[in-house]
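Colleague: Per Swiss-Prot, the features are:
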ACT_SITE  His473  active site, proton acceptor
BINDING   4-33  FAD binding site
Amino acid sequence: MQFDYIIIGAGSAGNVLATRLTEDPNTTVLLLEAGGPDYRFDFRTQMPAALAYPLQGKRYNWAYETEPEPYMNNRRMECGRGKGLGGSSLINGMCYIRGNAMDLDNWAKEPGLEHWSYLDCLPYYRKAETRDIGPNDYHGGDGPVSVTTPKPGNNPLFEAMVEAGVQAGYPRTDDLNGYQQEGFGPMDRTVTPQGRRASTARGYLDQARGRPNLTIRTHALTDHIIFAGKRAVGVEWLEGESTIPSKATANKEVLLCAGAIASPQILQRSGVGNPELLRQFDIPVVHDLPGVGENLQDHLEMYLQYECKEPVSLYPALQWWNQPKIGAEWLFGGTGIGASNQFEAGGFIRSRAEFAWPNIQYHFLPVAINYNGSNAVKEHGFQCHVGSMRSPSRGHVRLKSRDPHAHPAILFNYMSHEQDWQEFRDAIRITREIMNQPALDKYRGREISPGIECQSDAELDEFVRNHAETAFHPCGTCKMGYDEMAVVDGEGRVHGLEGLRVVDASIMPQIITGNLNATTIMIGEKMADAIRGRQPLPRSTATYYVAGDAPVRR
């Protein structure tokens, strides 16, 4: 089998590339996905409110685990990643958050990455998006990804939580993806107007599936990339239960889009990485590239949970006898509780003046429950997810076996810097201040977690060690740049090799201030133009907020 391009991974970026590259009818593309189809009749991935279900099984989730995390009481921590058409956009929380303009401007300070500034990237965010309330300087109106804006009046707790943030002295913002990210306000989500999850399989692949120049293979687990000297010329994979490898050649390029965990793992299995690691598994070294799998970053978060005195939380929706009605409303009308991911409000703040842009993120949820659906509090409650945004801690992804079915060794080194501890202590104390504002007086009961007895630095630290969890935002393991630990250049091309690019969240040099999906899609759009040899979209002229000397609180 011969194709112009072979794309490994049908996730948030891979589906963008598959769709854009096949817009040229003379370009042939093979898209390999280790998971299965995105079954449209499966409520677990299609109903926004059911977002916890895919994380509980292995049909749609790789369900990785970390090595024992040394600063987290040696816990082995969850590291869920999407498996199936759509990748992690098929199982994520659907929060559409782009990050802060300063994140991208910071990337662009690196020599060779000047074209990754916010104003260079904004046109690609807009190109990807159709926002339900219409386009403006920041938002698109005719892109493949449906973005829905929360409507006032869905749940009084959302408005009360935003108002509490404002009463505590923080800004209000009408659009966390617009002129000013800093502050509290409504949180956009990747949901269609019909109340369905807007994964990249739905948004992008649906328009490309019927094209004769696109071949999609599901249940196709990539074993390794085939090289002729220093040039990537094809891919070998295992299909279904078969132990006999399938093979295809790429006339132009192999495009690796397997995500921050699997992309470095595939490179290492293919002989690209740290030679010392490769020799442990008798893998012939194709290219010595020590940064492969290093620079692993994530967002860590925790929940502050409160009893709700008024019966307005989503607690009744967790009772089985209420779920058939919720399901029917969603299935037949695309409305009701089922049509929302329930992360309808949130915010970004600076915990201290030394941060030039927000370093703490909030998601508000009108029920007290773990993200993966476990440990639901059996009463009316609400909670605040809070975590730091740009931790200095760095980890790695390293091969443990040549077997493509084997998971790699994943270590985030969460909380390995003093800055991490300071930010989490600040975050808990600030959150308590916000929760004690008058806007929440009629709703706020006792603090369920951490519990009011948890006050000293040592007590807060122990709570974080035992209870903080991943926000499922791994990135950085094939970082873009030109230093000795960089893996790809500013166009995604792997240093020292030909015919091979990485295009996914692994190329982010530094993690962004917010959820990763929107920016991963943007990276796919921007790289698609580079691969096609097109002129980049014209730079935006939109203005954006820079805090400067503005106080953290008013």
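Glycine residues also receive a Cβ, built from the backbone N, Cα and C atoms like all the rest.
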Colleague: Is it possible to get the count of other C-beta atoms within 10 angstroms of the C-beta of His473 (active site, proton acceptor)?
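Modeller: I count 23 other Cβ atoms within 10 Å of it.
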Colleague: State which of the following binding-site residues has the fewest other Cβ atoms within 10 Å around its Cβ: Asp4, Asp24.
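Modeller: Per-residue Cβ counts within 10 Å for the binding-site residues Asp4, Asp24 bottom out at Asp24.
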Colleague: Roughly how many angstrom lie between the C-alpha atoms of Ile8 (FAD binding site) and His473 (active site, proton acceptor)?
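Modeller: Spelling it out, the Cα of Ile8 (FAD binding site) and the Cα of His473 (active site, proton acceptor) are 20 Å apart.
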Colleague: Name the secondary structure element type, per DSSP in three states, that contains Thr28 (FAD binding site).
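Modeller: Where Thr28 (FAD binding site) sits, the three-state DSSP reduction gives coil.
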Colleague: Which one is it, among the binding-site residues Asp4, Ser12, Val16, Arg20, Thr28, that lies nearest to His473 (active site, proton acceptor) by Cα separation?
Modeller: Ser12
Colleague: Reduce the DSSP letter at His473 (active site, proton acceptor) to three states and note it down.
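Modeller: It is coil.
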Colleague: Find, for the listed binding-site residues Ser12, Thr28, the residue with the lowest Cβ contact count at a 10 Å cut-off, counting only other Cβ atoms.
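Modeller: Checked Ser12, Thr28; of these binding-site residues, fewest Cβ neighbours within 10 Å: Thr28.
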Colleague: Count, for each of the binding-site residues Ile8, Val16, the other C-beta atoms lying within 10 angstroms of its own C-beta, and report the residue with the smallest count.
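Modeller: Relative to the other binding-site residues in Ile8, Val16, Ile8 has the fewest Cβ atoms within 10 Å.
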